[in-house]
Amino acid sequence: MLIFFNLQEVNNWHFDIFRLHDKSSGHSLKYVAKELFSRYGIVSRFRINLDKLESFLSAVEHGYTKLKNPYHNDIHAADVTQTLHYFIGSTGLANSFTDLEIFSLLFAALIHDFEHTGRTNNFHVNVGTELALLYNDRSVLENHHVSAAFRLLRDEDKSILTNLKPEEFRDFRNLVIEMVLSTDMSTHFGQIKNVRAILNGEKVSSTTTMSLMSLLLHTADISHPGKPWRLHKKFADTILEEFFLQGDEEAKMGLPFSPLCDRNNVLIPESQISFIEFIVEPSLTIMTDLIDLVLNVEDGGPMQINPAPPKTDSNNSGSGSDPKNSDSANANSGNDSSTTTSVANNSDNNSNKNSTTTVSRVPPPVPSRKGQIKPFQNLSSGSSTGTPGRRTESENCIKTVSSSNNNSSEGGNKLPLNSRTPSFPLQSGSHNYGPILRPWFNHLVENKAKWRMISA
């Protein structure tokens, strides 16, 4: 009963993963995974065998715990997965992703540190470990996490992806690989730079979905300084202990200490404050900017990101298909094109003209429920239980069109906000997320103040 109570709090930013881990006899990852797979309809949508899911999750837990890492363990993985759920569920981002994208997000979060060695990438490279040799010194751990997780899926009793179509498996695997590799801290500033370029262009490209998904996982991975102090302090203590254990090994090997690994010469409060100010806060800021872009393009309401192009009929100006999305386009060949408002480019007359990314929106499949949608509500059915509603592959809203057609079809008129509008304010550039992401900002400020008090 207590576990059930804890899981009812999974939508809460203050969710105590340590308490769940204790009350579930060390199975927080398994409980969080099952709960979220159920809430998002992953098991039914992809026809996952429950016995295989149980076996897979047990193997993942074992991979996280066999080396007894203080920090990079199943508790951390469960916490990151729950945090990612909070990001996409509370802000309404879940409505912008397909079921496969939601599945890949949750899966990537669950396995993003699978079989972590408790040592950093630099340690592996400096020592020349087998993993460093295998992955040529590049994102050594992250490559191993993904590879080892997919190797598990080859076991018949753990093959939870067997009912995915070949193209679904290919896309799923590509998404998971990209997201997990993005958790390598050496890619942090490159990610921030890439997202800023997207924001400065104020447009959504074919890479925006991947950039957003990668940033969401990366930000969830480093989110604990924005959690309540009791949680943040536990995570900070365990990551530092893991660093110190590496430093102890480096000392025995006669190697210089890696940063933060000398237990006798680390200014702990100062290191935490610097991490918050130079890494965590910029990540949160850039993530909220990207959410603003995705959900509030041109103040016209939420848009769907990176969909496949819809079928067009003879009344349209031409084919707006993108060869990158040809598989999805074929899957949607039976859609009634009258259900979408779009601008299509004429492939015969405009083939040599520059293309730009523009936005078209799909009228809601049901009467608009603006102002009625609550975070974590099942937006597809209006139910207050279950999972957030998400776009299907037939609900396509963004295409690459000829710049000469920018004023055609829609005539620049904005459609009403559709049924996926979140019920909380999202003011572009102001980060006005009300009760959604504000707790993180508040805790960052509070935790910095507490570290300064400890340092004084």
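The backbone N, Cα and C atoms fix where each Cβ goes, glycine too.
Remember, TrEMBL labels are computer predictions, not curated facts.
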Request  = Could you look at ASP171, ASP221 and say which one TrEMBL places alongside HIS72, ASN73, ASP74, ILE75, HIS76, ASP113, GLN272 in the AMP site?
outcome  = ASP221
Where HIS72 (AMP binding site) falls in three-state DSSP terms = coil
Request  = Could you find out if DSSP has ASP221 (AMP binding site) as helix, strand or coil?
outcome  = helix
Inter-residue C-alpha distance, HIS112 (Zn(2+) 1 binding site) and ASN73 (AMP binding site) (nearest angstrom) = 10
Message = Max CA to CA distance in Å over the AMP-binding set HIS72, ASN73, ASP74, ILE75, HIS76, ASP113, ASP221, GLN272?
response = 23
Message = Let me check the 10 A CB neighbour count of ILE75 (AMP binding site). How many other CB atoms are there?
response = 24
Task = Based on DSSP, name the secondary structure state of ASP113 (AMP binding site): helix, strand or coil.
result = coil
